[in-house]
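Engineer: Take a look at what TrEMBL says about it:
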REPEAT    68-100  repeat 'ANK'
REPEAT    101-133  repeat 'ANK'
REPEAT    134-166  repeat 'ANK'
REPEAT    167-199  repeat 'ANK'
REPEAT    200-232  repeat 'ANK'
REPEAT    233-265  repeat 'ANK'
REPEAT    266-298  repeat 'ANK'
REPEAT    299-331  repeat 'ANK'
REPEAT    332-364  repeat 'ANK'
Amino acid sequence: MKAAQKGCVEVVQAVLNELVNINRCHPNQHTDHAVAPQDQEQGHGSELDTYDQLQLKRQTVINRQGPNEATALWIAAEHGQEAAVNVLLDAGANVEVADAKGCTPLMSASQQGHAKVVELLLDRRANIDERSSDGFTALAISARAGHASIVRLLLEGGAAIDLEDAKGWTPLMRAAQNGHIEVVGRLLNWRASIDYQGDSGETALRIAALNNHVNVVRLLMERGAQLELADKAGWTPLLAAVFKDNLEIIQLLLEWHANIERKVHNGATALIIAAEYGYTRVVRALLAAGASTDAIDYEGWTALMCSAHEGYTDIVQLLLNARAYVDARNLGGFTALVIAVGHRYPSVVRLLLNRGADAHWKDYASGSTVRSIASDCGSIEIINLVQGRSLPRSS
């Protein structure tokens, strides 16, 4: 197998010839005609047995599996050793013997981009749509690796274009995941399903947006990919791009009129997500595109509350400048001011108070007030800020 890996064709051939020199005991070889007919018949049968045994031994040796269950053919294919692959194939190596992960020699060559070896294996009728243990075909493997020439060979050889892997992903989705735009284009030209959804509902566009592949996103949209297809958790391409702070893709999707107010599984909009994660540039872009500052998630949280909770002063300022409602309450009854006080963010508290946040807030169930929460948090700066704004109102 080391010889196969290094491409030592002479060594491979010599080993095969030494192990099983078929000519030396072939049943058609010369026999002694003086032998009695009965003895000759017995001898011929013995020779047939020997021949069959050697053929079996030859196949056993050629297809012997080493570490990780790889055969000599598998290793030669992986390393692109075309001549060694030829010798092994001519000697009867089985093209379908897979390694421990269910990966065949064709898959191995496809992963490494060895076009000549792929052609050889296809010529020997390797199963083009065989799947590995994780469901990958040779086409999916080459698409994931970005080998456009291999993808072309496999498509021309009749590979099924939309076969799913174990996650329900197609070769197009794998190419989109890694930003291989040439492969994406080639698969689309061969009519790959552009809006195919994986087991979790993800599409090639959503995958490309999540992984920040701008050119792939643009190509998919130009080819007609649906902007609003969401996965099972509600993530659209725009929401996925926001989650990963992929500003250029966000701007591109907005130019194509992606729905800016779509919500994920917990009710959060793109603006709420960006505010929660501190993506200042994204918040600015979403506000410029008209995102609602008063949208709430399913627990009543606004973007302003989320940014106050994390102490993102710049984002709080942006939202206030965009006229976010400062005294909105979530389902727990808390306002952005109460949240900022409780989490000890004096700069946020000051901003909110300067914009008229209600310092007389009270939770009637517990009796808590802004002043009591400020006292509990132990920040002298916040206590002073709140006390200056929460003097008893004159009757």
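Positions of Cβ are set from backbone N, Cα and C atoms, glycine also.
I'd like to know what surrounds each of these features in this structure.
Structural biologist: Over the repeat 'ANK' (68-100) the predicted model carries a mean pLDDT of 90.
Only residues 6 or more beyond the boundaries of the repeat 'ANK' (101-133), in the same chain, are considered here, and those with a CB under 8 A from a CB of the stretch are 68, 71, 73-74, 76-82, 85-86, 89, 95, 139, 141-142, 145, 147, 149-150, 153-154, 157-160, 163, 165.
Residues 101-104, 106-107, 109-113, 115, 118-119, 122, 128, 172, 174-175, 177-178, 180, 182-183, 186-187, 190-193, 196, 198 of the same chain, all 6+ positions outside the repeat 'ANK' (134-166), place their C-beta atoms under 8 angstroms from a C-beta of that stretch.
A Cβ distance under 8 Å defines the sequence-distant neighbours of the repeat 'ANK' (167-199), meaning residues of its chain 6+ beyond its ends; these are 135, 137, 139-140, 142-148, 151-152, 155, 161, 205, 207-208, 211, 213, 215-216, 219-220, 223-226, 229, 231.
Sequence-distant contacts of the repeat 'ANK' (200-232) (same chain, at least 6 residues past either end, Cβ-Cβ under 8 Å): 167-170, 172-173, 175-181, 184-185, 188, 194, 238-241, 243-244, 246, 248-249, 252-253, 256-259, 262.
Helix, strand and coil counts from DSSP across the repeat 'ANK' (233-265) read 16 helix, 0 strand, 17 coil.
Residues of the same chain lying 6 or more positions beyond the ends of the repeat 'ANK' (266-298) and with a Cβ under 8 Å from any Cβ of it are 238-239, 242-243, 245, 247, 250-251, 254, 260, 304, 306-307, 309-310, 312, 314-315, 318-319, 322-325, 328, 330.
Within its own chain, the repeat 'ANK' (299-331) is flanked in space by residues 266-269, 271-272, 274-276, 278, 280, 283-284, 287, 293, 337, 339-340, 343, 345, 347-348, 351-352, 355-358, 361, which lie at least six positions past its ends and keep a Cβ under 8 Å from the stretch.
Long-range Cβ contacts of the repeat 'ANK' (332-364) within its own chain (Cβ-Cβ under 8 Å, at least 6 residues beyond either end) map to 299-300, 302, 304-305, 307-309, 311-313, 316-317, 320, 326, 370-371, 373-374, 376-379, 381-382, 385-386, 389-390, 393.
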Engineer: DSSP helix, strand and coil counts for the repeat 'ANK' (134-166)?
Structural biologist: 17 helix, 0 strand, 16 coil
Engineer: Take the repeat 'ANK' (233-265) and find every residue of the same chain, 6 or more past its ends, with a Cβ under 8 Å from one of its Cβ atoms.
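Structural biologist: Same-chain residues near the repeat 'ANK' (233-265) but 6 or more away: 200-203, 205-206, 208-212, 214, 217-218, 221, 227, 271, 273-274, 277, 279, 281-282, 285-286, 289-292, 295, 297.
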